[in-house]
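> Attaching a single structure in structure tokens format; questions to follow.
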Amino acid sequence: IMGHMVNAIEQVDEFLNLGANAIEFDIDFDKDGIAQITHHGIPCDCGRKCTKKAIFTEYLDNIRQVTTPDDPELREQLVLLALDLKLQRISSAKAYRAGEDVAKKLLDHYWQRGNSRARAYILLNIPLVEDYEFIRAFKDTLKNEGYESYNDKVGINFTGNEDLDKIRDVLEILGIHKQVWQADGITSCFARGTERLKEALEKRDTPGYNYINKVYAWTLVRKSIMRRSLRLGVDGVMSNNPDRVIKVLKEKEFADKFRLATYNDNPWEKFRG
């Protein structure tokens with residue numbers, strides 16, 4: 001269960017208390033591709049305040065504590081951090097610079113270049129395939145800085161509901177054949193059909209297809225849509241209301257089929273139910 005738009009530091013506890021075991025937050029860049037703040041802005045989901053924010057590096061410092069064993073701030077349940085990268089707000093020419101910057105800030109403030117024991121998995125949410133240079137830069141930077149091992153903790157996810165074959169082609173260009181999630185969804189203000197979601201699930205379940213390991217639906221607020229997504233076999237849901245998802249998961253139909261992921265689970269492996 002991914003808590004959606006958790007952009008203020010005080011919201012982290014709020015969403016975890018509602019039952020989320022993953023959080024998504026928005027990264028806003030300046031015109032040069034430097035990550036500045038966690039901030040969504042207007043418009044955003046119905047019934048939500050769009051303007052909450054924090055300085056990105058301070059947010060990382062806080063979330064490091066929340067995901068570090070034996071830290072007083074530890075919240076054991078939080079296993080995944082989804083960085084919603086607002087690259088569509090800057091020139092595609094700055095995507096590489098943005099990738100370098102986010103990698104360095106994670107190295108300095110989250111992983112602390114090997115001195116941190118923070119253990120959450122990181123999902124890089126890229127809005128459009130045209131911004132794929134962000135991924136190249138991120139990986140180049142880890143390599144150049146001597147921390148390629150952190151690649152094991154990082155997954156890739158394109159969130160713009162683009163053609164799945166087009167996404168596969170870009171992953172092929174980047175040489176990425178693992179640790180790939182696929183999102184499908186729309187703002188909670190609107191309804192969305194299931195055609196593309198079903199296609200993504202079908203590809204996930206195709207033997208030998210290495211470009212989708214997990215599929216999740218966003219942003220779900222109605223229990224009927226949560227049930228529909230679970231029946232289709234999604235790996236996760238993003239919601240403004242994690243407590244509603246918890247209630248649905250406890251229903252007889254789903255209680256034996258789904259559970260919340262923990263650190264004993266590998267987020268990059270296809271689930272074989």
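Positions of Cβ are set from backbone N, Cα and C atoms, glycine also.
This is the feature table in Swiss-Prot:
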type	residues	note
ACT_SITE	HIS4	active site
BINDING	GLU24, ASP26, ASP84	Mg(2+) binding site
ACT_SITE	HIS40	active site, nucleophile
DISULFID	CYS44-CYS50	disulfide bond
DISULFID	CYS46-CYS189	disulfide bond
> By Cβ count within 10 Å, point out the most packed of the active-site residues listed: HIS4, HIS40.
HIS4
> Around ASP26 (Mg(2+) binding site), which of the listed disulfide-bonded residues (CYS44, CYS46, CYS189) come within 10 Å, judging by Cα atoms?
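So far as Cα distances go, none of the disulfide-bonded residues lies within 10 Å of ASP26 (Mg(2+) binding site).
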> Compute the centroid of the Cβ atoms of GLU24, ASP26, ASP84, then list the same-chain residues not in that set whose Cβ lies within 8 Å of it, in sequence order, for the Mg(2+) site.
HIS4, MET5, VAL6, ASN7, PHE25, ILE27, THR38, HIS40, ALA82, LEU83, LEU85, LYS86, ASN125
> Using CYS44 (disulfide bond) as the reference point, find which of the recorded positions HIS4, GLU24, ASP84 has the shortest Cα-to-Cα distance to it.
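Minimum Cα distance from CYS44 (disulfide bond) across HIS4, GLU24, ASP84 lands on HIS4.
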> Looking only at C-alpha atoms, tell me how far HIS4 (active site) is from CYS46 (disulfide bond), rounded to the nearest Å.
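Roughly 12 Å, rounded to the nearest whole number.
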> For the residue listed as 'active site, nucleophile', which of the recorded positions GLU24, CYS46, CYS189 has the nearest Cα in space?
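Nearest in space to the residue listed as 'active site, nucleophile', counting only the recorded positions, is GLU24.
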> How many neighbouring Cβ atoms, not counting its own, are there within 10 Å of the Cβ of GLU24 (Mg(2+) binding site)?
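So the number of other Cβ atoms within 10 Å of GLU24 (Mg(2+) binding site) is 24.
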